[in-house]
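Below: the structure, in structure tokens.
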Amino acid sequence: MRELLEKGAEVDAEDGEGRTALSVALAGGKEAAARALLEVGAGVNSGTGRRPLHAAAEKGLVEMVRELVGKDAEVDAEDGEGRTALTVALAFGQEAVARALLEAGAGVNAGTGRRPFHAAAEKGMVEMVRELAGKGAEVDAEDGEGRTALTVALAFGQEAAARALLEAGAGVNAGTGRRPLHAAAEKGMVEMVRDLVDKGAEVDAEDGEGHTALTQALAGGKEAAARALLEAGAGVDAGTGQRPLHAAAMKGTVEMVRELVEKGAEVDAEDREGCTALTVALAFGQEAAARALLEAGAGVNAGTGRRPLHTAAEKGMVEMSCWGLVPSGQLDELPRRAFFQLWRAPMAM
């Protein structure tokens, strides 16, 4: 390396990713090479791609981080994703580096991309979450997907971090994207679901796709969380996206299908594609759920989208096609399209 420099190599030249040799050395954990580059004048803020400080933070090079800051590295400079070195350090679980950056004055709310708080929440770094909150981190700030740190913590199953955020005043209904209750429901975190509801979480709030927390719980097969939501008054027909009954039908949770119907779920309600829960159950090969829906009075011709019979035919579900959906004596009235789908499906398997 020294020989190359002596022959005129540009110390701050960038590679195809906008990184200087100093950034590359640090990204590989090569401290000796990094120091040699610094000795010959490598810029601590050079590069249009990843900065040297970000690379050192990711690798957990505490002393190098301090050295770069001492040489006037911009502590809150952003990488191509809008993240500061503090966010990068936390995202990679480098707590010692994060503390060194905080000591150097790193902003707890800095960065136009992901915030430090979100990174700490995702990693379940409870003490760091508390420290960031104590230093003024905006507890309900949103990431690029409209999620707060509380939602992120729950989405990654970090219950201890989530509780630390709640203690710091995190809003249970905050966020323009996915809500905390949806994340907890999808993960099957029953006690957290109950706690959020007790703290005022809107039980039938919708996410960006029009799904309620109940639909999310059922789509993930989390029956205990779904029952906790039902106990809290979740609407069985709530949501402008997929309905709870459709989600239960898709997962084949027969008892849940029966329970939703008993609680008044519209058995022939349609999803955005015009399919009923019966069609959805058949589309996912959930024959037991389909039979439960038929027992509950599901219409065999209901739906403005795909019909149940066509779906059963495509899946090659012969018993369901010929005896579950078609009234006795009407087998010769099978729609031509369904007939051809019925015999084509087994051949494609």
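Glycine is no exception: its Cβ is also placed from the backbone N, Cα and C atoms.
Curation does not apply to TrEMBL; its annotations are automatic.
As annotated by TrEMBL, repeat 'ANK' applies to 17-49 (among others). Same-chain residues lying 6 or more positions outside the repeat 'ANK' (17-49) and placing a CB less than 8 Å from one of its CB atoms are 1-2, 5, 11, 55-56, 58-59, 61, 63-64, 67-68, 71-74, 77, 79-80.
Positions annotated as repeat 'ANK' by TrEMBL: 48-80 (among others). Remark: secondary structure over the repeat 'ANK' (48-80) totals 17 helix, 0 strand, 16 coil, with classes taken from DSSP.
Under the heading repeat 'ANK', TrEMBL lists 81-113 (among others). Using a Cβ-Cβ cut-off under 8 Å and counting only residues 6 or more beyond its ends in the same chain, the repeat 'ANK' (81-113) has close neighbours at 51, 53-54, 56-62, 65-66, 69, 75, 119-120, 122-123, 125, 128, 131-132, 135-138, 141, 143-144.
Within the model, the repeat 'ANK' (112-144) shows a mean pLDDT value of 95, rounded to a whole number. The feature repeat 'ANK' is assigned by TrEMBL to 112-144 (among others).
Per TrEMBL, the feature repeat 'ANK' maps to 145-177 (among others). Using DSSP to sort the residues of the repeat 'ANK' (145-177) gives these counts of helix, strand and coil: 16 helix, 0 strand, 17 coil.
Taken from TrEMBL, the feature repeat 'ANK' applies to 176-208 (among others).
Annotation source TrEMBL lists repeat 'ANK' at 209-241 (among others). Secondary structure counts, DSSP: the repeat 'ANK' (209-241) has 16 helix, 0 strand, 17 coil.
Sequence-distant contacts of the repeat 'ANK' (240-272) (same chain, at least 6 residues past either end, Cβ-Cβ under 8 Å): 206-207, 209-212, 214-216, 218-221, 223, 226, 230, 234, 278, 280-281, 283-284, 286, 288-290, 292-293, 296-299, 302-305. Taken from TrEMBL, the feature repeat 'ANK' covers 240-272 (among others).
For 273-305 (among others), the entry in TrEMBL reads repeat 'ANK'. With DSSP classes pooled into helix, strand and coil, the tally for the repeat 'ANK' (273-305) is 16 helix, 0 strand, 17 coil.
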